[in-house]
Structures are given as C-alpha cells and as structure tokens.
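Visitor: Checked TrEMBL, it gives:
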TRANSMEM  A:31-53  transmembrane segment
TRANSMEM  A:59-85  transmembrane segment
TRANSMEM  A:150-179  transmembrane segment
TRANSMEM  A:206-228  transmembrane segment
TRANSMEM  A:240-260  transmembrane segment
Amino acid sequence: MAEPAAASTAAIYRRLVAAQVRSQLSYRVSFVLDLVSNVVFLGADLLTVLVVFHRVPVLAGFSLADTLLVFGLASLGFSLAELIVGSIDHMQRHVRTGLLDAVLIRPLGVLWQLLVLDVGLRRVGRVCSGLVLLAIAVRLAEVAVTPANLLLLVITPVVGAVFFGAVFVATATVAFWWVDSGELSAALTHGGRDFTSYPMTVFGGWFRRLFAFGLGFGFIAYYPALILLDRPDPLGAPAWLGWCGPLLAAAAATLAGLIWRTGVRHYRSTGS
Amino acid sequence: MGFVTATADRLTIRNFTETAGLFRTLGASGFRRFSTYRQATAAATATNTVFGFLRTYVMLAVAGSAAALGGQAAGYDAPQLITYVWVGQGLIGVVGMWGWTELADRIRSGDVVTDLLRPVHPVLGYLLPDLGRAAYALLTRFVVPIVVGALAFDMYLPRRPATYPLFAVSVLLAVLVCFAGRFLANAAGYWLLDTRGVLMGWALCAGVLGGLYFPIRFLPEWAATALYLGTPFPSLLQVPLDVLVERDPPIGQLGLLGLQALWAGVLFTACVVVQRRAERRLVVQGG
C-alpha cells in the first residue's frame, strides 16, 4: 500500500502548492512589485560589486571578471536555496501565532508543510537572473571549456543550494527556543552569501577562518572558482579543495536535519 | 452629497505644558515598548555586528587597492571607511531602516480607525513613539557595533569638535526622514490591499541608495549628485556618516544638514497630505 499512499501525499502537496500559487497571483500589483524587487535585490548586491570596481581595478588580488565568477556561483546557489526553503525564514511567526500547532497535528512532514505553505514564487526571478549572471561571468572570466570545468559549473550551484538550504533550516530552528530572534538567522544566511560572494582574500584574520572553515562557506564558491579560473590559491590552499563541496553539503544537510528534529521535539507552543 | 469625516476634533494646543506632556507620554510609550523586546534587540544587534565585519573587510580591500595605486577611495581613507561601516551598522536600528509595517497592518485589519478617533494627528501619533524607539535604539543597537568595531579595527575619530553636535543633529534629521518615508510606504496600504511589494521597494532603496551597501560617493559624481538632490535616501545613513567622518569641510557639513532638513520638510508635508486624502477614501471593512 506504500505506493498509493506516496502518490496521494504527492497529490496533497501539489494541491497545497497550487493553492499558494493561485492566492499569490491574485494580488497582481503586489506580485509584480515583489517579483521586480526580488530581481532588483540581486541587482543591488551586483551593483555593490560593480561600484567597488568602479573605484579600484583590483580587489584583494582579483579582477572584476574573477570576482563576478565567484559572485555568480554564490548567488545562483543562494537563490536556488531561497526559492525552495527561503520561506522557513517565517518560522518565528509560525511559532508565535501558533500556526505550528496546526501543522504538527496534520499527517504530513512538518518541514515540508511549512515550505509549501509559503511558496516563494516571486523568487523565481532571482534564480533566472542568477543563471544569466553566471553565464556572463563564465564568458568574461574566460573559463576553459573542459569536461571537468563543466561538471564543476553544474555541481557548484547545486552544492551551494543544498548548503545554503541547510543553513536556512538550521538557523530557523533557533525560533523553537528563542521566539523573538528577529533577523539573527540572516547573519548566517545572507551574511554567508555576502561572504561567499567575494574572493576570500578580501576578508582577514579569525573572521575569515571562522566563516570559511568553521562554517564551511569557503567551499561554496571560492575554491571551485579557483579551479575554474585555473589559478592557485593566494592563501596557499591545495586546489582539490574545490571538489570537496558535495561532501560538505551532504554533511551540512544531515546536521541541519538533526538540528531541525531536535527543535521539533523540544517545541512548546507559545499558547497563542 | 458631501463627505462626512469620521475623525474627532484634533489636538487644540491649549498651552505649552499640555503639549509637552503629550509629547513626553507618547515618546516614553515608544521607548518602553521597545525596551520590552529585549530578545529582538539582542538578535538585531548581533546581526548588525556580523554584517559590520563583512562590510568592513570589503571596504578595507577597496581602501587597500586605492592606496596601492597612490590614491584614496572616493575621498575616504581606511580608518574613515571603518568608522563609516560600524557607525552605519549602529544607525540602522536608530533610524529604523526597515521592518516597520505597523501602519500597513492596522490599515489592513481596520484598527487604523481607532487612530482617527484619537485627539492627536495620526502622523504625530506615530512619530512620537517612533522617536522613543529611536532613543532606546541609541542606547542599545547604536552602542554595541561601535564598541565592537573600535575594539577590532582602527577607527577614525572626528578631528573638529563641532562635528559631534552636527552629527547629533544629522542623526535626528535622519530619524525624521526615515520615519516619514516609512509612513508613506505604509500608507500605500490605504490604496493597495497587499503592501509587501511597496515595503520591499522601500527597504531596497533605503539600503542601496541610503549608503548602507556602499558609500554613495563611490558612484560617478553625476549619479551621486542626482541621488542626493533627487531622492531622500542618502539622508538616511550617508549624510550622518559623511558628517561624522568629516568627508567634507564644515561648510559642506552644514550644506548636507540643510539638504536633510529640506527632505524632512518635503516628506512630512507629503505624509500630512496623503493622510488627509486617505481619510477621505477610507472604507473600513467589517470584521
């Protein structure tokens, strides 16, 4: 009986998503504005990079084309993660308003329900512009077309998506213990994206070590980009680190899953 | 058929003491309200601090590259950029850049009707608690990033004593401009059912064009001038920070303050006009 059950579960999710899509499209002006803002938000980060390079030709040893490649890999991975799990950002609201209580008594996975309850349709725009940007960056940086490079170009955004997705879920779990945690999760999600968007040589000291190795953000865009650019790491790390992303993403996803389960198990309703 | 206004007669200022008492009470209510959100304050301060590090390193790399070429980055040296970033991170909470949806929420739920029944003009009724909120943020969210930044990096300290009072005035004007901008973005709710897009547009412009992501002076001069004169956004962060790091001579600092005051005047006039028009067309949905 497993198969019909799985099929009907899929049908339920399909209907939930369809209902969300319909409801979001019904406020048309707002939806368009939302979609545009989302594309422009990527534009804002891109603008920062361009403005910086308007002032200086080289940033911490990297040219504009090289930096754009790092930026493109990071932002495509991030926007994919945001499209799929970004709505988990509203976790605090779910805990505070008691929506989570309702979700918990339904016979479907808690995390999946929360994700389909607020499908980020408007964030599709950001993924598309991320793809275009990465394609342009690959051309500008004159990445050699080899099978290995093509493989790396495909897996790096996927690794980024899984990794950032894990960070989204893990940091949203804070809301189980700390309801009013505000934008704290943004420090690691958006902060992590900002860190991965620039060549690591920009950052210094303990801060770089913490974000690159302690939290793992160094493997999302910087090391793969070095392989694509065919240049050694100015900081002296071996080139094969660029291929470690999938292992790291798997570990991050597992860890995030464990943190999430612990959170759900310790959930106590706020009573509202 | 003429219009019937549902609003009560508003504040007739009888004497100074009464008005001062009202201002104090409403301001204190904002201060007390936000001082109860201790967890949220701590979380926001921590986030601002992390972004302080991220932005400082990018700015230091810019200053480093510019210095290697024997120049400065748009007239800022490295210590000035460090002060710019960290004080900017502190000011985010003080001016209240984004995240305020109270008015839009109340319009949507219909609660805004009770605001119209109060004997205080709604703009003033929201402004005074916001000033209280800013005062609380000044004691918490402003201080922490600056202390962390000062411990971790070499910050620029103003050389002219007059800069400190000028900075204080500039911060107050920034709070006023930001409040008026947020009020207008929220007031779009009188005409639109879902204001998320408008509020997001506000957040985006405030961040990018306000000088948070990068100093506006990094742009080509014509673009920077157009933004200063044509939009209120640089008045939110860029102007107070430029005043503080003494990017311009004293006369330039005064000019920037004048510009801020001008924008505050324009936006508050717009708030009053928009509020009046909104009250004319407000249809309260039952429930």
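Just so it is clear, glycine is given a Cβ too, placed from its N, Cα and C backbone atoms.
TrEMBL labels come from automatic prediction, so no person has curated them.
Tell me about the surroundings of these features in the structure.
Guide: Only residues 6 or more beyond the boundaries of the transmembrane segment (A:31-53), in the same chain, are considered here, and those with a CB under 8 A from a CB of the stretch are 24-25, 59, 64, 67-68, 71, 75, 79, 121-126, 128-130, 133, 194, 197-198.
Listed by sequence, the residues of this chain that lie at least six past the ends of the transmembrane segment (A:59-85) yet keep a Cβ under 8 A from its Cβ atoms are 42, 45-46, 49-50, 52-53, 115, 120, 123-124, 126-127, 130-131, 133-134, 136-138, 140-143, 156-165, 167-169, 193, 196-199, 201-202, 220-222, 224-225, 228-229, 234.
Nonlocal intrachain contacts for the transmembrane segment (A:240-260), taken as residues 6+ away from its ends with a CB within less than 8 angstroms of a stretch CB, comprise 111, 152, 155-156, 158-160, 162-163, 165-167, 169-170, 173, 216, 218-220, 223-227, 233.
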